[in-house]
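Asks: Have a look at the structure that comes next, please.
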Amino acid sequence: MRKPFARNLLVSGAIALASFTVGTVAIAAGGTEHPPHRHWHFQGPFGTFDRAAAQRGFQVYQEVCAACHSLSLVAYRNLTELGLTENQVKGLIKDITVTDLNDEGAPVDRPARPSDRFKKPFPNQAAAAAANNGKAPPDLSVIVKAREYGPDYIYGILTGYVPYDKLTPAQIKEFDVKKDDNFNKYFPGHKIAMAPPLSDDKVTYADGTKATLDQEAADVTEFLAWASEPHMEDRKRTGVRVILFLIALAGMMYAVKRMVWADKH
Amino acid sequence: MASSHGTPPVFNNKVVAWIDHRLPIFSYIEKEYHTFPTPRNFNYFWNFGAIATVMLVLMIATGIVLATNYTPHVLMAFDSVERIDRDVPQGWLIRDLHMNGASFFFIAVYIHIFRGMYYGSYKAPRELLWILGVVIFLLMMATAFMGYVLPWGQMSFWGATVITNLFSAIPIVGESIVTWLWGGFAVDNPTLNRFFALHYLLPFIIVGVVALHVVALHVHGSNNPTGIDPKGPQDTVPFHPYYTMKDGFGVMVFLIVYAGFVFFAPDYLGHPDNYIPADPLVTPAHIVPEWYFLPFYAILRAIPDKLGGVLAMFGAIAVLFILPWLDTSRVRSCTFRPIYKWFMMFLVVDVIVLGICGSKPPEGFWVPLSQLATLYYFAHFLVVLPILGKIERPLPLPPSIADSVLKKKAV
């Protein structure tokens with residue numbers, strides 16, 4: 001999710017020499033473009049998920065992404081954490097049937113329950129690969145944590161397609177782009193198997209928000225960021241309390257230490 | 001109940017006295033952690049032994065809880081870790097504490113090692129104390145490596161593949177050793193199972209070696225920033241309350257920084273690829289180990305020959321074992337070694353440079369840079385240390401610890 005170089009800066013303390021910075025920039029320039037940084041509602045030490053955006057993002061996932069991408073670690077009941085009521089969740093899944101075994105051990109279809117994990121679009125990896133030119137579309141459960149630049153990358157991919165006729169001859173030559181290929185500015189190697197999934201008015205938002213490509217991409221990224229780490233808000237809230245507690249305790253320890261040492265200095 | 005050093009303590013509590021008469025644990029605690037005479041001039045670098053101990057206990061405590069919820073199977077390991085994160089109450093907290101705890105354990109230990117090197121804590125009569133420390137460091141590396149494999153992400157799998165494959169460089173028996181390590185002909189379920197078993201076992205062996213480390217420490221007592229031995233009671237203070245309180249404060253400050261990562265950047269020190277489930281058919285673009293292994297990884301790759309690289313990497317740690325005999329200087333502390341002090345600082349820079357090289361793909365100018373840095377690493381220990389000790393003229397040592405403390409105060 002973070003740049004390895006930034007991590008090394010931290011690890012190496014303040015002694016990251018200027019020459020290395022120059023070297024890194026020079027190397028990075030030769031590869032794929034970095035996705036531009038966007039501000040996300042969930043960023044920063046106090047950032048929270050934008051519930052409305054994440055709910056819209058769920059709609060985008062459900063109506064568009066779910067045709068190919070599973071979200072196998074998330075259960076329908078988890079949607080209540082996004083502000084949906086239990087009845088709303090039950091309403092959302094009333095038409096979904098899942099395969100299960102009955103008491104005699106025979107496979108049967110039954111209506112989905114809130115405790116079920118999101119239904120996968122394909123019965124298994126091989127079927128997913130067979131339906132998608134030999135490579136299964138990745139599961140999206142932790143996708144935001146599983147890519148460098150995290151949400152910026154997801155948003156970048158969704159909005160970073162360049163039509164064949166907008167490519168420069170140099171690009172076509174360098175990356176060996178064919179007319180049927182999908183060219184994406186932010187995908188490593190640029191040629192991506194996924195056709196542009198989103199476009200203006202691909203969905204009709206229930207809350208009346210205008211469904212531009214940008215809006216859809218930002219919303220589904222917000223949703224997937226939540227799916228990747230549903231407890232993020234809890235983590236930050238706990239962190240504030242823990243750190244305040246530790247600072248108070250450290251202050252007390254310092255005072256005690258000063259008192260104890262008073263006669264030795 | 002308190003007593004001055006040297007006379008056996010008298011316990012007023014009858015139960016305590018009864019037990020102590022039969023099993024002298026209270027006398028031991030009294031002698032080793034209360035009245036134990038400790039140099040009065042420690043700086044905050046001397047906190048890191050206590051900090052490392054706290055981290056070790058924290059890692060074992062969180063690790064046992066994680067183990068109760070983890071499934072060591074190639075098809076289930078990744079999801080079981082995610083289940084801990086999502087469905088186990090406060091599981092995310094335990095996991096974030098554990099995975100960042102590894103990094104912060106290494107941070108504490110690296111600072112502790114630096115302290116030992118800078119102030120000459122490895123010199124006579126503390127050679128075995130130092131060697132036990134290097135053994136702990138090796139055990140930590142093995143434990144951390146196997147722990148990183150357990151989530152069975154892409155870096156777990158490919159890290160395990162790369163590191164276990166190193167043993168194939170050994171002539172004749174190499175391939176057999178690798179098969180034996182894997183428990184098969186590839187990194188697979190048997191590998192994961194044994195790594196889990198060993199990852200659970202090794203920390204307790206570390207506890208045992210830490211106990212020996214502490215026993216060895218308490219024979220001659222701690223070194224100190226001047227590197228000269230305490231000459232009498234005016235040079236020392238009882239361990240408690242002076243250093244228990246100072247260590248307590250240091251531990252709290254360290255935990256604040258640690259908590260900052262755990263709660264606000266839990267994945268910052270990790271690699272995003274490890275959130276991709278392991279796939280033996282897809283190699284990540286760059287296989288990199290965790291940050292605390294990067295300097296050694298750079299040394300491994302700096303040597304163009306596979307066996308040579310493996311030997312250099314292990315040699316980089318082996319050289320630490322003989323450090324007490326490589327240093328020929330009579331003076332312990334760098335404070336009084338005007339030239340070596342700068343070589344020591346340069347070694348720190350060198351290791352950081354190696355760390356950065358280790359995180360980069362082995363191409364372009366990173367290759368000669370890592371070779372240069374590797375060369376200095378070994379030259380430092382094998383050339384600079386033995387020669388400099390003979391030719392360097394150390395600064396005059398203060399007559400006593402108390403003297404140096406009081407003089408500093410006067411300035």
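From the backbone N, Cα and C atoms, a Cβ is placed for every residue, glycine too.
All annotation found in TrEMBL is predicted automatically rather than curated by experts.
Relevant sequence annotations retrieved from TrEMBL are reproduced here:
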- B:15-226: domain 'Cytochrome b/b6 N-terminal region profile' (DOMAIN)
- B:229-399: domain 'Cytochrome b/b6 C-terminal region profile' (DOMAIN)
- B:44-67: transmembrane segment (TRANSMEM)
- B:97-116: transmembrane segment (TRANSMEM)
- B:128-150: transmembrane segment (TRANSMEM)
- B:156-183: transmembrane segment (TRANSMEM)
- B:195-216: transmembrane segment (TRANSMEM)
- B:249-269: transmembrane segment (TRANSMEM)
- B:306-326: transmembrane segment (TRANSMEM)
- B:338-356: transmembrane segment (TRANSMEM)
- B:368-388: transmembrane segment (TRANSMEM)
Asks: Count, for each of B:44-67, B:249-269, B:306-326, the Cβ pairs lying under 8 Å from the transmembrane segment (B:156-183), and report the range with the highest count.
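Replies: Comparing B:44-67, B:249-269, B:306-326 against the transmembrane segment (B:156-183), the winner is B:306-326.
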Asks: Please indicate, using numbers and ranges, the residues of the same chain that are 6 or more beyond the transmembrane segment (B:368-388) and have a C-beta under 8 Å from a C-beta there.
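Replies: Residues 298-299, 301-303, 312, 315-316, 319-320, 323, 326-329, 339-340, 343, 346-347, 350-351, 353-354, 357-358, 362.
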Asks: When each of B:44-67, B:97-116, B:306-326, B:338-356 is checked against the transmembrane segment (B:195-216) for Cβ pairs under 8 Å, which one has the most?
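Replies: The stretch with the most close Cβ contacts to the transmembrane segment (B:195-216) is B:44-67.
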